[in-house]
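Please read the structure below before turning to the comments.
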Amino acid sequence: MKPAIAALGLLGALLAGTPALAATVYVANEHAGSLTVIDEKRNTTRTLALDVLPHNLDLTPDGKTLLIAGMSRGHAQGGHDGHAEQGGLLLLLDADTAAVPAKVVAVGGHPAHVVPDRSGSLAFVTDAASHAVVVVDLAAGQVMERIAVGRYPHGLRLSPDGRTLAVANRDSDDVSLIDVSSRTQTGRIAVGRQPVQVAFTPDGQRLFVSLSGENAVAAVDLHSRARTATYPVGPIPIQLAVTPDGAKLVVANQGSQSKPGHSLSILETATGRLIATTEVGKGAHGVSIAGNGSRAYVSNAFEDSVSVVALDSHKELTRYPTAAAPNGIVAR
């Protein structure tokens, strides 16, 4: 771990008041090779250098350990079109201090997203290079096995009951379903062009999939294992998340470098109806919803910032600075 590259700083001019349920937000700055920590309660940010170019990150269920997936420094920068080099790492950091990693696990290939299981004992990392999901024993800090999935797996999420992993396979236009207990792929569902990320409804009955090649979101029925509808959104949707009450789907529309997107599409999950389009920063990429469902936190990859959006008014409240190319984001 290298020294902090940005000191703790007050954001008074940016902030529209501290929220009643303030979040701590962690942001993976891929091109900068750093982590930004936003503390809403104290109205501060700090950015720390990492030994990886982090693409995505998540927290263990107890909120104590931060899992960060990315390429080691010296390898090609990742994103969604990075080169498949053998320099992938998973870092485990104390979430309160974001200090020197407790463990560094070599996962190889080209890691993209990471999620823990419900017990917090395992992590699952997508490896686009080997078209697999890497299973990591977090206590031992070792790779246990690799599960074959579709081509170029990227985003993945755990079902609400913890039994199923859904994995978006960008280059085979489908989603893999993995049984967590047996750690085997149980099926693949055709969803549409270039899926990037998935989001379960709280009841675990349906799945939404961002289709970056169609500027749309696919809705999947998990009983029939079939796509049931496709809803248009903004340009090149990347990450998406369902609110805890299951009522709304929040989709980040990144666009391209030459024509950046700068919006969230907010849909009604029951019908796919567009409720609102909210303007945020350029290159809206990652989405995380705070625990009570009142706010969405959005990483703006082409503007080096994070937008905070109120999900009742569908308005942007404030914007925080980050380092270069913020991608993955998680709030607690």
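Every residue number used here counts from 1 along the chain in the order it is shown.
The backbone N, Cα and C atoms fix where each Cβ goes, glycine too.
According to TrEMBL, the protein carries these features:
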type   : residues : note
DOMAIN : 118-205  : domain 'YNCE-like beta-propeller'
SIGNAL : 1-22     : signal peptide
Item to complete: Write out how many residues of the domain 'YNCE-like beta-propeller' (118-205) are helix, how many strand and how many coil, based on DSSP.
Response: 0 helix, 50 strand, 38 coil
Worksheet item: To what whole number does the mean pLDDT across the domain 'YNCE-like beta-propeller' (118-205) round?
Response: 98
